[in-house]
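Straight from Swiss-Prot, the features:
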TRANSMEM  9-29  transmembrane segment
TRANSMEM  37-57  transmembrane segment
TRANSMEM  71-91  transmembrane segment
TRANSMEM  100-120  transmembrane segment
ACT_SITE  D126  active site
TRANSMEM  136-156  transmembrane segment
ACT_SITE  D144  active site
Amino acid sequence: MSRTLSKPAGGSLAPWLGVAVIVILFDQLTKIAVAKVFAYGSSHAIAPFFNLVLVYNRGAAFSFLAMAGGWQRWAFTALGVAAAVLICYLLKRHGTQKMFCTALALIMGGAIGNVIDRLLYGHVIDFLDFHVGAWHWPAFNLADSAITIGAALLVFDELRRVRGAR
């Protein structure tokens, strides 16, 4: 009796890692450009609702734990690395599910982009500032955008999957 080894159902990691690498590259290049061109704390109006700024975030989303004394740098770094490892596992296991994997790759690219900042600088560089009048949304970066878009795609993919199961 002969046994044949079948290919894992998930498929290749390469395309999904490629998406993550593209996110990381664009994120890091934009942060480097903004840090070279703008002074810390400066604000440059681009449109009536949008500024480019240079601010540092030692915390997480919305500056959560930004004033925590330093331990958060390592906690958020560990969380980002753990997320990337879990995402690699999920990408390998579900590699044929295009929307699901695109969402995960965007999240992983964003997480690693911010981990790089934390490791290199001890903070995340944020520079996109949207506002209405005097009210400003917290500044963010391309990594944050990729994470948000990836999360929205995960929700959309799950809603689509549940609707298709009916």
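Using N, Cα and C of the backbone, Cβ positions are placed for all residues, glycine too.
Distance from the CA of D126 (active site) to the CA of D144 (active site) is 9 Å. Take the transmembrane segment (71-91) and the stretches 9-29, 37-57, 136-156: counting Cβ pairs under 8 Å, 9-29 has the most. Contact count against the transmembrane segment (9-29) (Cβ pairs under 8 Å) is highest for 100-120, out of 37-57, 100-120, 136-156. D144 (active site): 21 other CB atoms within 10 A of its CB, across all protein chains. For the transmembrane segment (136-156), the list of distant contacts is 23-24, 26-27, 30-31, 53, 55, 57, 61-63, 99-100, 102-107, 109-114, 117, 124-130: same-chain residues at least six beyond its ends, Cβ to Cβ under 8 Å. Other Cβ atoms within 10 Å of the Cβ of D126 (active site), summed over all protein chains shown, number 22.
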